[in-house]
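**Student:** Here you go, one structure.
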Amino acid sequence: MEPAAKQKVIYITYLIAALDITWLFLQFSITPYLARRLGFDTIWFGYLQTTVGVIQLLGGPIYGRFADVFGARAALSVSCLASVVYFLLLAVADNTFMLFVHKLPAVFMHALPGAQMVVADLSENEKRADALGKLGLCFGIGMIAGSSLGGTLKSDYCILLNGVCIYLFQHYNSFMYYYKYNFYQKYIYNDYYDFYVCLEKGSSNSVFNLGEITRLMKFPGVAKTFTVKIISGLPAGIFQVMFSIIAINFFQLKAEQNGYLMAYFGIVQMVIQGAVIGRLTSRFSESSLMLLSVGISSLVGLAQAMMTNVFHFCLIVIPMMFSLSVFNVITDSMLTKSVSPSDTGTMLGLCASVQSLLRTVGPTIGGFLYEAYGVPSFGYIQCIINAAVFSFLLTTGGRSQPNRP
């Protein structure tokens, strides 16, 4: 595929990612208030978040493996269809049971990892971190648009969501028209072979082969980077999961104000991932940037422990988003470079499952910390854990794995 054609596909991927994140953050802004109207307290809201985490934790690696076997075209189509069902169920969620049921399609909702698979396959190794960082720019655009809409819309928001899901589905299919040619040789040719091999021999090409998924942990340095990604990301993940409760109870924000705050997050992230990360990756090594992000995250935790109002938090958001953005982009880039091209989908699925894992354990741990020790406890834990990870990376020399051949 010609470089210009590849770039065109990547740009369409960015557009699709921005649309998907917009509607995702729209429902993020609304769900806490909907849960409160249905009588959810902090504990039950934590159970709801944990349910989503468990569902996506199970679906992430399988989705990545599915993309490696059948191609990103099929994977993104499945993700989009699941989103349609998800929002249709949300539209009729008028009781506690339905609020839990509408989360079930989330097992296949991995549009952002799907977009990352496209970008990882079409970008060169030395430019991969920058290309993945641009997806964060799309994430910021979606966060701004979705949060603003979520803070403005009231009872009619479900109607908009349903129409938007159909619109998004059309965009996915339009995008796949361009994407099909590039992946014909890599995926379509092998689909029939894989189908018969899976039936006749139980081949390792099966989507549900856990051995093929866990095999990636044996590549040099992958287990170390993956472990750092989980441990360092845990405190920030807990804070993010509990932020909707913190915004309501600690900052005393209304739905509209919470939407504006999320839009501010998006603006900061757009600037960082669109204008900063690319320049950093061209000048510094990935191991140095990972070390930097972990160190800043530790200082952010200390600042969070001392904040007392939303103005303080707005000041903290800039270094917080910088550390999160750099850390996530760099670790994803390092991990995909450490495996073969045919395994990038599975690896990105595993990376997505890290966030799902954090959403699984985060509400339970976060609910306990919030009720027992208050908001400052999140900051102190983040400071201590990331300081320990920073010391570990400093003493072991950061990244030790070689790039894939």
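Cβ atoms are placed via backbone N, Cα and C, with glycine included.
Quick paste of what TrEMBL says about this protein:
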TRANSMEM  9-30  transmembrane segment
TRANSMEM  42-63  transmembrane segment
TRANSMEM  75-93  transmembrane segment
TRANSMEM  99-119  transmembrane segment
TRANSMEM  131-153  transmembrane segment
TRANSMEM  159-179  transmembrane segment
TRANSMEM  226-248  transmembrane segment
TRANSMEM  260-280  transmembrane segment
TRANSMEM  310-330  transmembrane segment
**Student:** Do at least three CB pairs under 8 A connect the transmembrane segment (260-280) and the transmembrane segment (75-93), leaving out pairs fewer than 6 apart in sequence?
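**Tutor:** Per Cβ check, the transmembrane segment (75-93) does not touch the transmembrane segment (260-280).
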**Student:** May I ask for the residues of the chain that lie six or more residues beyond the transmembrane segment (310-330) and have a Cβ under 8 Å from a Cβ within it?
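**Tutor:** Apart from its flanks, the transmembrane segment (310-330) reaches 129, 132-133, 136, 229, 232-233, 236, 251, 253, 261, 264-265, 268-269, 272-273, 276-277, 280-281, 286, 289-290, 292-294, 296-297, 299-300, 303-304.
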**Student:** Sort out the residues at least 6 away from either end of the transmembrane segment (226-248), same chain, that have Cβ-Cβ distances under 8 Å to it, and list them.
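**Tutor:** Distant Cβ neighbours of the transmembrane segment (226-248) are 28, 31-32, 36, 42, 45, 49, 217, 258, 261, 290, 294, 297, 301, 304, 320, 324, 327-328, 331, 335, 350-351, 354-355, 357-359, 361-363, 365-367, 369-370, 375, 378, 381-382, 385-386, 389, 392-393.
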